[in-house]
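**Q** The structure under discussion is supplied below as structure tokens; questions concerning it will follow.
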Amino acid sequence: MKYAYPKDELNPIYCKGRGPDYDNPSNININDILGDYSLTLIDALDTLAILGDTREFRRAVQLVIENVSFDKNSTVQVFEANIRILGALLSAHLLIQDQSQPFGHLEPEWYDGELLEMAADLASRFLPAFHTSKTGLPHPRVNLRDGVPQGSRTDTCTAGAGSLLVEFGVLSRLIGDPIYELSARRANRVLWKLRNANTGLLGNVIDVNTGKWVGELSGVGAGLDSFYEYLLKAYILFGHIEDYSMFNQTYALIKQYMRRGRPNCNSGSGDHPLYVNVDMKSGGTQTTWIDSLQAAFAGVQVLAGDVEEAICTHALYYTIWKKYGVLPERFNWQRLSPDVSFYPLRPEFVESTYLLYQATKNPFYLHVGRDILKSLNQLTRAQCGYATVHSVLDMTLEDRMESFFLSETCKYLYLLFDTENPVNQNSDRYMFTTEGHILPLAPWLRQHNWDSAHFTLSPNPAINSTDLHASCEAINEERIHGLPLKSQYLEQISVSLGVEL
């Protein structure tokens with residue numbers, strides 16, 4: 001707030017704000033995310049509530065309402081603006097509207113639903129991405145003022161097209177307009193229909209006009225990760241069996257084609273389990289790298305009830321973290337070195353650590369959290385904030401602090417240690433979006449079945465009773481104070497990656 005507001009992000013080394021790169025519209029690394037709408041302030045609203053800073057929350061809400069407009073000549077990525085901005089506005093509005101006020105007095109006396117109005121305004125600016133598509137898959141980018149730019153790229157990642165249902169569904173239910181949820185559902189069903197006929201797998205990049213796969217890599221990391229996550233979370237929120245069926249079918253295929261290593265996490269012999277990137281057509285291994293976004297998959301496995309498997313998934317990324325102090329963007333598991341070496345303060349590993357602690361209450365994960373905090377303070381602290389690690393090999397820093405550092409990384413770390421926080425005391429009442437925004441698990445979210453006259457959808461995917469059973473093995477109470485991953489397996493993975501125990 002001191003150095004960057006009202007810009008979108010903080011440059012923590014030179015203590016300045018950062019906004020869109022208007023001089024270079026093709027700089028999508030910046031312009032996909034920054035839209036001249038005080039991104040970090042909005043993205044961090046519910047973090048302020050969770051921290052219990054009610055006064056600053058109310059001040060931030062007032063600043064957003066009085067100063068932010070989405071009537072901008074900014075071309076942004078629909079996916080990023082949806083999870084960072086729309087999700088944040090919905091979360092903050094619902095926290096204000098919660099009559100029990102578990103986080104303290106959050107509601108400004110004058111508040112009259114303005115954040116929800118802003119959310120609806122923003123979402124309406126996303127709709128041209130769907131309306132101008134020939135398949136029902138949304139175009140990846142929209143100009144907030146003019147819609148889909150003429151001649152813009154039509155290739156989008158699967159996660160970008162298929163990770164809108166949570167925020168769009170909540171908005172539709174809040175304002176009573178089905179167009180948002182039904183647009184997101186239609187996109188999911190189109191993707192589902194375009195799975196490979198042989199393997200049932202999806203690729204990672206698709207053309208929204210032709211419905212042809214541009215990228216045929218299938219994995220659990222970048223380009224696909226939040227699609228799987230939102231199938232499960234949409235079911236948790238809205239109760240549609242269709243979403244749960246699609247998740248369980250997909251999860252079974254992920255294990256069938258992508259999982260390598262010994263069959264069981266904590267028993268038997270063989271290499272440590274690993275989820276690799278495969279060819280969507282054959283299921284054969286396509287790359288020898290994994291990416292840092294895959295660290296979130298352990299959290300999805302926790303939500304799915306596959307806790308033992310989550311323990312193994314998390315252990316791999318913890319070992320890589322210990323090797324470098326942070327996670328490289330891509331790690332080559334064959335050469336045991338980074339393929340892409342930067343670390344932009346990503347939250348995925350922290351998120352999985354938090355969720356595994358909530359699931360197991362094993363203090364091992366508190367020690368992991370302590371290691372993360374130590375690394376962030378020693379390796380990424382800059383003059384005015386925390387900076388992206390340009391290379392994990394020499395720990396040089398880059399002058400950027402993305403908004404998810406405050407909306408997710410810091411939030412999950414705080415919640416890991418704040419055992420009395422209302423989120424932790426009432427964990428059955430909240431769910432996190434893929435950007436870490438909390439939404440209520442409430443009956444009113446399960447009460448809408450939009451009339452088919454509102455929208456034309458393709459038939460539901462076939463649902464079999466065998467698709468609706470998730471593994472839900474609890475962790476034995478006697479294991480709470482031992483290592484979640486048995487010592488011989490922890491030693492195995494540490495030795496294989498050259499990391500001291």
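Here, residue 1 is simply the first one shown, and the rest follow in order.
Here the Cβ of each residue, glycine as well, is placed from N, Cα and C on the backbone.
Taken from TrEMBL, the feature active site, proton donor applies to GLU80, GLU329. Per TrEMBL, the feature active site maps to ASP225, GLU348. Annotation source TrEMBL lists Ca(2+) binding site at THR434.
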**Q** Which residues, sitting 6 or more apart from GLU80 (active site, proton donor) on the same chain, put a CB under 8 Å from its CB?
**A** ASP32, ILE33
**Q** At the Cα level, what's the spacing in Å between ASP225 (active site) and the residue listed as 'Ca(2+) binding site', rounded?
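**A** So the alpha carbons of ASP225 (active site) and the residue listed as 'Ca(2+) binding site' sit roughly 10 Å from each other.
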**Q** Give me the count of other Cβ atoms within 10 A of the Cβ belonging to GLU348 (active site).
**A** 25
**Q** Sort out the sequence-distant neighbours of the residue listed as 'Ca(2+) binding site' for me: same chain, 6+ apart, CB within less than 8 Å of its CB, listed by position.
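**A** Those within reach of the residue listed as 'Ca(2+) binding site', by Cβ under 8 Å and sequence separation of 6 or more, are ILE83, SER163, VAL166, SER226, GLU229, TYR230, LYS233.
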**Q** In whole Å, note down how far the CA of GLU329 (active site, proton donor) lies from the CA of GLU348 (active site).
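**A** Computed Cα spacing between GLU348 (active site) and GLU329 (active site, proton donor) is 11 Å.
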**Q** List the same-chain residues at least 6 positions away in sequence whose Cβ sits under 8 Å from the Cβ of GLU329 (active site, proton donor), in sequence order, or say none.
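**A** For GLU329 (active site, proton donor), the qualifying residues are ASP291, SER292, PRO338, VAL340, SER341, PHE342, TYR343, PRO344.
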**Q** Counting every protein chain present, what is the number of Cβ atoms, excluding its own, within 10 Å of the Cβ of ASP225 (active site)?
**A** 25
